[in-house]
Number of protein chains: 2
Amino acid sequence: MGRCVLIGVFDSGVGGLSVVKQLLKAFNSDIIYLGDTARLPYGTKSKETVLKYSIQNAEFLMRFNVDAIVVACNTASSVAIDVLKKKFNLPVFGVIEPAAKLAAKFEKVCVIGTTSTIQSNAYPKKIAKYNKGCRVTQRACPLFVPLVEEGWIYDDITYEVAKRYLYDLECDALILGCTHYPLLREIIQRVMGVGVSLIDSGEALVKGLKDFKDLFEGSGRLNCYTTDSEEKFAKLGSMFLGKQFNGVKLVDLG
Amino acid sequence: MGRCVLIGVFDSGVGGLSVVKQLLKAFNSDIIYLGDTARLPYGTKSKETVLKYSIQNAEFLMRFNVDAIVVACNTASSVAIDVLKKKFNLPVFGVIEPAAKLAAKFEKVCVIGTTSTIQSNAYPKKIAKYNKGCRVTQRACPLFVPLVEEGWIYDDITYEVAKRYLYDLECDALILGCTHYPLLREIIQRVMGVGVSLIDSGEALVKGLKDFKDLFEGSGRLNCYTTDSEEKFAKLGSMFLGKQFNGVKLVDLG
């Protein structure tokens, strides 16, 4: 891997900005972010469709001569990462492998994510690569994303939904396999109990990249592109980036 | 309006099949249905994006030489119906006007729908056309669609969500302004009370078309197209069509 000044990051929507937040904190790279809000969510769609969208997103980022691509979306990482690595001649980082590597240190692991992420079995396969003896259970939680987008983060209803999804899961560590889920960390921890380690897939990715820290440079600039309303992107996105921002540009990938 | 043998129907997903169910029951027309599942939902997206998708959907249906187009999606009807009517030289029917016409007979009306449908103000505008004195309140209910798609139709959690959205609404009639909402009719009626008339926008559309009943003919054939997984379309779609079906074909509109 060469010097990395400009990183291209894509996600189905604004959730990946939580990964950007951590990237900006850890490194000084410049970032081009693409949120494919006109076609979100990815997590309910077929792998063929998610693969097509992921390639289009990566092709858009390539126009900026990025030095590396980060796939901040768990669903896109689950189904597209190998194809993207083969197709594009630059480093491509996804959120599955780093979280799987961390989780593999535990005996019993649960993975929660979108329907497509869970159906892909990407996490169990990667965990087995690091620890064949690790017992992995998976659970799709389709309502978590709309609940977060509704802003019901610390809500009794969200707690009831979390109980419904998670009550019977037993594990030492739980992978939050979707960029929206860290916002529900408090409720999920309450349901799972304090003894369960929560693994944030975006956090794990940035932690992993720190091994290459010396390769990153830049001035910490962020440029955002969206395929739907710029205004809505900036408004919802600030929840994930942890601060207000503007200058979002509209792009048509269809 | 001339003889109508082949009707083209589109929706963002499978919800419009509840309209198809009623069309098939009322008339003997043949139907081409397009569910744009690769880009759903429409209800959270900007009017520019929904308009673009609606035009592409209608163009697809035009390839079959349909005699009329039914826009079964409330969001698409809200933002695109006038453009579609101007752009295509055939009758285009949406779900807003017939429900608005029915609702206008009441004094106090509430409209529930997706964020985009509510923001468009399509319902209040159309109701005012028929009854300027009618008092209209609107409420977006973004979680209803994912709750229906999760299958939590008669669920305590869904009831709590409905209470949260609707508890303070007072009206004589409530428009179910989204094709998914009729599946929650029981819970919504429980929250609103038995004195409130629920108006199903798809039902209202088919009722309105009955004035032209003599113009419809055909053999009641249904052909479905989807932009994402055929299998998932057939599985989820049967909930709306009220029976199993197959032979769904994949189409790429992107």
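One is the number of the first residue shown, and numbering goes on along the chain from there.
Glycine residues also receive a Cβ, built from the backbone N, Cα and C atoms like all the rest.
Sequence-distant neighbours of B:Cys73 (active site, proton donor/acceptor) (same chain, 6+ apart, CB under 8 A from its CB) are B:Phe10, B:Asp11, B:Ser12, B:Gly15, B:Gly16, B:Tyr42, B:Val95, B:Thr179. B:Cys73 (active site, proton donor/acceptor) carries neither a helix nor a strand DSSP state and counts as coil. Taken from TrEMBL, the feature active site, proton donor/acceptor applies to B:Cys73 (among others).
The active site, proton donor/acceptor annotation in TrEMBL covers B:Cys178 (among others). Residue environment of B:Cys178 (active site, proton donor/acceptor) contains 26 other Cβ atoms, counted within 10 Å of its Cβ in all protein chains.
Feature annotation from TrEMBL assigns substrate binding site to B:Asp11, B:Ser12, B:Tyr42, B:Gly43, B:Asn74, B:Thr75, B:Thr179, B:His180. B:Tyr42 (substrate binding site) falls within neither a helix nor a strand when secondary structure is assigned with DSSP, and so counts as coil.
Neighbour density at the Cβ, taken as the number of other Cβ atoms within 10 Å, is lowest among the binding-site residues B:Asn74, B:Thr179 for B:Thr179. The Cβ of B:Thr75 (substrate binding site) lies under 8 Å from the Cβ of B:Ser12, B:Pro41, B:Tyr42, B:Gly43, B:Lys45, B:Val50, B:Gly113, B:Thr114, B:Ser116, B:Thr117, B:Ser120, B:Cys178, each of which sits 6+ residues away along the same chain.
Taking Cβ-Cβ distances under 8 Å and a sequence separation of 6 or more, the neighbours of B:His180 (substrate binding site) in its chain are B:Gly15, B:Phe144, B:Val145, B:Val148, B:Glu149. For the substrate site listed in the record, the two most distant Cα atoms among B:Asp11, B:Ser12, B:Tyr42, B:Gly43, B:Asn74, B:Thr75, B:Thr179, B:His180 lie 13 Å apart.
Same-chain neighbours of the substrate site beyond B:Asp11, B:Ser12, B:Tyr42, B:Gly43, B:Asn74, B:Thr75, B:Thr179, B:His180, judged by a C-beta within 8 angstroms of the site's C-beta center, are, in sequence order, B:Gly13, B:Gly15, B:Gly16, B:Leu40, B:Pro41, B:Ala72, B:Cys73, B:Ala76, B:Thr114, B:Thr117, B:Val145, B:Cys178.
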